[in-house]
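Have a look at the structure below before the remarks.
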Amino acid sequence: MGTFCSVIKFENLQELKRLCHWGPIIALGVIAICSTMAMIDSVLWYWPLHTTGGSVNFIMLINWTVMILYNYFNAMFVGPGFVPLGWKPEISQDTMYLQYCKVCQAYKAPRSHHCRKCNRCVMKMDHHCPWINNCCGYQNHASFTLFLLLAPLGCIHAAFIFVMTMYTQLYHRLSFGWNTVKIDMSAARRDPLPIVPFGLAAFATTLFALGLALGTTIAVGMLFFIQMKIILRNKTSIESWIEEKAKDRIQYYQLDEVFVFPYDMGSRWRNFKQVFTWSGVPEGDGLEWPVREGCHQYSLTIEQLKQKADKRVRSVRYKVIEDYSGACCPLNKGIKTFFTSPCTEEPRIQLQKGEFILATRGLRYWLYGDKILDDSFIEGVSRIRGWFPRKCVEKCPCDAETDQAPEGEKKNR
C-alpha cells in the first residue's frame, strides 16, 4: 500500500521518548524474539540457506520483520495529526456548533477529541494505543492497521518454523501417510549435523517464542478485524459510542427524530479509500470531511453538544466527606472498593473534605466526575476529573432533582 511510500519525519528528538514506555518495550521485545528465533531455527536446525527453499524462507522472514517495524514506527512517529493550537473555523458563526478545548485553547474540529495522554486535540481520534505510545487517528490509521495485519501474518510464518524445527529435531523425520503417498522431510535436517546442537535451552527458547507468536496472532489479529470494521464503516470507536448514546438519548426523551451518522458514505470501498491511498496520505486535511447526503460538517458535533447538555442535566452534585489520596486501589476505603477499582487508564482524583464534585457516571463503589472549581470556566484552566470512591462523598440534598431531567425539559428536547 501507499503507506510504504511515506517518509517518517521527526518534528524533534522529543518524539524518541515515545520508545521509553512499557508498551513499545514489550511490543518491540516480542517482535525481536519471534523474528530472531525464527531466523536462528531456520538457519541452524530446520531449513539451511544452501537450499533454495531455505533461502526463500529466510528472505521472507527478513521481509516480514522490515515491513512490521516500518509500519510500527510509522504509526508511532508520524502520529495521528493534531488540531492546530488556537484553531477555529473560518466562519466565526460556526463556533456555536463546536466544543471548546481549554487545554489547547482551540475549538474541537469535527471528529477530533482531546487526548489526556498526548495532551492535544487529535484529528479523527480512534483511541490512544499504549503499544505505540501514541494515538491512532487521521494520519497514522493506515500504518497502524497495516501493522495489525502484518504482525499476525509474520507470527504465523514464525510459528510454522518453530513447530517444524521442534518436530524435525525431536523425531528426525516427518511423514504423512495417505495410502501410498509419503512426504519425507528428513532432507530439511543438516548433513552433517549443525555446529550448534538443538539442546534443552534451544528447545525451551523455541517453545517460548512459539507461545509469543501464537498469542500475538490471536490478540493482534482480533484488533485487526476490529479496525477493518471501523474503517469500512468510516466510524471510529469513539464515534460508535457517540452514535449509541444518540440513540439512547432519542429513546429516553421519546423524540421524533432519527440520528444519521454523517461520515458513512454508504459504500465500503469509498470508506476504505479515505484511509488507504496509493500516495500513503489519507484523503482530506483532517479538519473537514466529506459527508453523506442530507448531512453537513457539523451534524455530529451538534449531536455531541446535545449529549453534553444532557450530561449536565443528568449529573449529580456530591459533597466530599472523606479525604482521598487518589490511590488506584485504596485499601483504607474498604475491601469491596479495593477489589472493584475501575480497570481503566482514566485518572483518579484527590479529594479533600468539604470539596464538591459533579458526578456524571459511576459503578457500584466508584464514581466519575469533575471537581467544582471557582475558576473552572476561566479560559486555560484544566478540568480536574476522574474516578473516586463512592464512600468518600454524599449526595447534596438540594441537587437531588438533577438525577433526572424535568418533564418540561424532556418535551423541549
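Placed from the backbone N, Cα and C atoms, the Cβ positions cover glycine too.
Record check of Cys129, Cys329 in Swiss-Prot: the feature S-palmitoyl cysteine is attached to Cys329. Relative to the membrane, Gly79 and Phe272 occupy the same side according to Swiss-Prot.
Among the candidates Cys343, Cys398, the residue that Swiss-Prot annotates as S-palmitoyl cysteine is Cys343. Swiss-Prot gives the label S-palmitoyl cysteine to one of Cys121, Cys328, Cys392, namely Cys328.
Set side by side, the recorded positions Cys129, Cys328 differ in how many other CB atoms lie within 10 angstroms of their CB, and the most is found at Cys129.
It is 10 Å from the Cα atom of Cys328 (S-palmitoyl cysteine) to that of Cys343 (S-palmitoyl cysteine).
For the transmembrane segment (144-164), the list of distant contacts is 1, 3, 31, 34-35, 37-38, 41-42, 46-47, 57, 60-61, 64-65, 67-68, 71-72, 75, 129, 132, 136, 174, 185, 188, 206-207, 209-210, 212-214, 216-217, 220-221, 223-224, 227-228, 231, 275-276: same-chain residues at least six beyond its ends, Cβ to Cβ under 8 Å. Predicted-model confidence for the topological domain 'Lumenal' (46-57) is 86, expressed as mean pLDDT.
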